């Protein structure tokens, strides 16, 4: 069957011959929709299309990491991303809660110790249960699953190669590429590949990583360093430039200040030059301070590279299908309908150029694409005002524009920021440091002061941000936020109490400014 765009971008299906005949060449299997990649976006697209009556197949294969780490169906989020990261973050938070417990009357035996092996086994077992769950869901929806490494033969045909080397040809009227990305190794650094690990490995370690150097300034770098510190390990972050470059920089500074004050060491303005293994098994890292040009060395048990990600496009033979990629990022070029340069081939998620590298956006984009292909909807994915949270020890949630982006887009004189430091009630009894707990709402200056962005640094930031994201998505104004009744006593209510202008220091509800 083939789908043709009708009115309002809808698709209608008609029977047509595929390459090799109506039923394909001998030994060739044919589908309405073939999804390459078994991550969050690909699975969501496949299950939605199958539920709407289409014949669907999913092809997924995980190339083991250079350290030999491998995992099952579900993609980065399930196996080596959001899920194990959040669980280990939670383990670290529990350690902090144990320290607080005595202030609330609990008698906790000292010293408090953490067992990495026990935590890792529990997290890995849960991840494996999710792998199995995804397999069952595909089976229940009659989606055919192939554990193949796929590459294009032509615009409608993919060749899948099994672990044993057996080749299978799969043809489909529509193909969705959802292969995601993998961590980048800085192969120009001596010893980086031989002795380093990445986020592909950290969650599957059987033994504690010990003293760890995390190289990078991304959210992955800070999240990993944060939970390692929280688990009682020695963690150092080496950053060439600014942390969380794509985020609001005032908030990024507060995040790293909090981490530094709670035990994470930072080497700022430094880059590694080489990694060597010493006779005792430790890793010696040589780096240079870019400001002074001074070289230094340190010894670590583990070096974790968190210096960006690369799309999984290299082995797909995209040129045989005519699919174009960005020469700079190697990501697949797509339009607003997620279509590539070949109209019946689509790309969603991290592999697509210009898309947020976030699981929920890939899932929604996949579902919406399936509905359009099946003629159920003409809705396109809206990538504006997508909320997210960085799960550092003090969590940072945001939605909308950063202060820098708002000024760049609208001009400094047209932007107002309302902000406040606050102290969570939970921090009071144990006398926790709250000097980095901070909220700001970025607005247009002219009434009704449309909210352009919200930034929240504090406990449960994801839960707080998710709620306000709905209002911002619906076009909330500062006045509407201020008229919202808070839930007391919560951190979230601090958002609706923001009265002080960052620029003027005035309370608009009093001055009428």
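Don't overthink the numbers, they just go from 1 along the chain as shown.
Using the three backbone atoms N, Cα and C, a Cβ is placed for every residue, glycine included.
These come from TrEMBL:
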DOMAIN    31-366  domain 'FAD/NAD(P)-binding'
DISULFID  77-82  disulfide bond
BINDING   86, 350  FAD binding site
BINDING   216, 217, 218, 219, 220, 221, 222, 223, 308  NAD(+) binding site
DOMAIN    386-497  domain 'Pyridine nucleotide-disulphide oxidoreductase dimerisation'
ACT_SITE  488  active site, proton acceptor
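Least packed by the Cβ count within 10 Å, out of the recorded positions 86, 488, is 488. Between the CA atoms of residue 350 (FAD binding site) and residue 77 (disulfide bond) there is a gap of 11 Å. Taking the C-alpha positions, the distance from residue 77 (disulfide bond) to residue 220 (NAD(+) binding site) comes to 12 Å. Averaged over the domain 'FAD/NAD(P)-binding' (31-366), the predicted model reaches a pLDDT of 98. What surrounds the NAD(+) site, by Cβ distance within 8 Å of the Cβ centroid and not counting 216, 217, 218, 219, 220, 221, 222, 223, 308, is the set 214, 224, 243, 244, 306 from the same chain.
Across the residues annotated as binding NAD(+) (216, 217, 218, 219, 220, 221, 222, 223, 308), the widest Cα-Cα separation comes to 14 Å.
Within the group of recorded positions (82, 222), the Cβ with the highest number of other Cβ atoms inside 10 Å belongs to 222. Cα of residue 220 (NAD(+) binding site) to Cα of residue 82 (disulfide bond): a span of 10 Å.
Taking the C-alpha positions, the distance from residue 488 (active site, proton acceptor) to residue 222 (NAD(+) binding site) comes to 31 Å. A distance of 19 Å separates the Cα atom of residue 308 (NAD(+) binding site) from that of residue 86 (FAD binding site).
Looking at residue 222 (NAD(+) binding site) and residue 86 (FAD binding site), their Cα atoms lie 13 Å from each other.
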